[in-house]
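Asker: First the structure, then my questions, so here it is.
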Amino acid sequence: MEEGGDFDNYYGADNQSECEYTDWKSSGALIPAIYMLVFLLGTTGNGLVLWTVFRSSREKRRSADIFIASLAVADLTFVVTLPLWATYTYRDYDWPFGTFFCKLSSYLIFVNMYASVFCLTGLSFDRYLAIVRPVANARLRLRVSGAVATAVLWVLAALLAMPVMVLRTTGDLENTTKVQCYMDYSMVATVSSEWAWEVGLGVSSTTVGFVVPFTIMLTCYFFIAQTIAGHFRKERIEGLRKRRRLLSIIVVLVVTFALCWMPYHLVKTLYMLGSLLHWPCDFDLFLMNIFPYCTCISYVNSCLNPFLYAFFDPRFRQACTSMLCCGQSRCAGTSHSSSGEKSASYSSGHSQGPGPNMGKGGEQMHEKSIPYSQETLVVD
């Protein structure tokens, strides 16, 4: 396979060298334009999420807020590398930034992939505890703080992405003046066994970075939906609107994650398995040509997360409004009176402010532990 393919931005595959790819063309300015759009939206959106979380007082933050902030950090760390990849793609896969940035930017891609999905899984589990098991798991949620959990997730993500840092390098493409950023397995494998390393790393990253976390998220949201539906069956008719709203948001969160990442992992896995299954060259070429677009779709997730996990919350929107019209007199009152409380815990599971149902330290008293009352996404 030609080393200029976008697959080689990640693995440097060469498992179907018997096929001819002379008809393959790069995507010109389209893919770089998408990368830069994701860069602009991702830096703005994730920066706004971090600003909203950390402007609140520490005692008002809950574990879900830490997961939200960690997710934003992962996405922000990744999107700042996109100008490098946009340049690389625009130059028809000619890397001008040297070996160090080849290693670092590639490493950050995979750290982001693992850290993001782990944070989403942690957030899903946090919602599960808050809605399905609010009383029985209260002590667990207090013992294992969001900060400790996210620290463990980040360490795990950094370790899982380490093969990319070690094996990534740059080299001249044969018979051209182009410099490629690719995975070099020669330091750990013979030529005949490189495909095994490639397939092993590719399949394992899909399993650990998508299949297992997505299964956990689906399980959490299944029990959340079941609990919400069971509760609202006891409510009056007007409660049906809240049920539909919450359940639809849950569906949007899960489906969006799947739509963004499933094409990437599916196409990547199919291509990697080509060494074993010997796909026809036409199908192999098809996989290689659509992979750059699947990659773009997965990257878009890094700029959608702020909207999906924060902008659905009216309290977060209030905080954004307070910031955007910070210098205007018409917003001064709102900014001083409500932004501190309303932006303190915009994430799901812990966003109810002090009130008649709050105990010491702002902990929720369980008046039968109404599940939906702990879910910000149903606030009118």
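Any Cβ shown, glycine's included, is placed from N, Cα and C.
Quick caveat, the model's predicted, so the values are computed rather than measured.
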Asker: Taking the topological domains recorded in Swiss-Prot, do A29 and R91 share a side of the membrane?
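Answerer: Checking Swiss-Prot: the two residues are co-localised relative to the membrane.
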Asker: For C181, what is the disulfide-bonded cysteine listed in Swiss-Prot, choosing from C102, C281, C294, C296?
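Answerer: Swiss-Prot annotates a disulfide bond between C181 and C102.
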Asker: Can you tell me which parts of the same chain pack against the transmembrane segment (147-164), counting only residues 6+ beyond its ends and a CB-CB cutoff under 8 A?
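Answerer: Result: 10, 63, 66-67, 70, 74, 103, 106-107, 109-111, 113-115, 118-119, 122, 183, 201, 205, 208-209.
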Asker: In terms of Cβ proximity under 8 Å, which residues at least six beyond the ends of the transmembrane segment (31-54) contact it?
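Answerer: Distant contacts of the transmembrane segment (31-54): 6, 61, 65, 68-69, 72-73, 75-76, 78-80, 82-83, 85-87, 89-90, 292-293, 296, 299-300, 302-303, 305-307, 310, 316, 319-320, 323, 343, 346.
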Asker: Between C281 (disulfide bond) and C181 (disulfide bond), what is the CA-CA distance rounded to a whole number of Å?
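Answerer: Cα-Cα, rounded: 24 Å.
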Asker: Check the DSSP secondary structure of C181 (disulfide bond), expressed as helix, strand or coil.
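Answerer: It is in a strand.
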Asker: So of C102, C181, which of the disulfide-bonded residues has the fewest other Cβ atoms within 10 Å around its own Cβ?
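Answerer: Counting other Cβ atoms within 10 Å of each of the disulfide-bonded residues C102, C181 gives the minimum at C102.
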Asker: Tally every other Cβ atom lying within 10 Å of the Cβ atom of C281 (disulfide bond).
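Answerer: C281 (disulfide bond): 14 neighbouring Cβ atoms within 10 Å.
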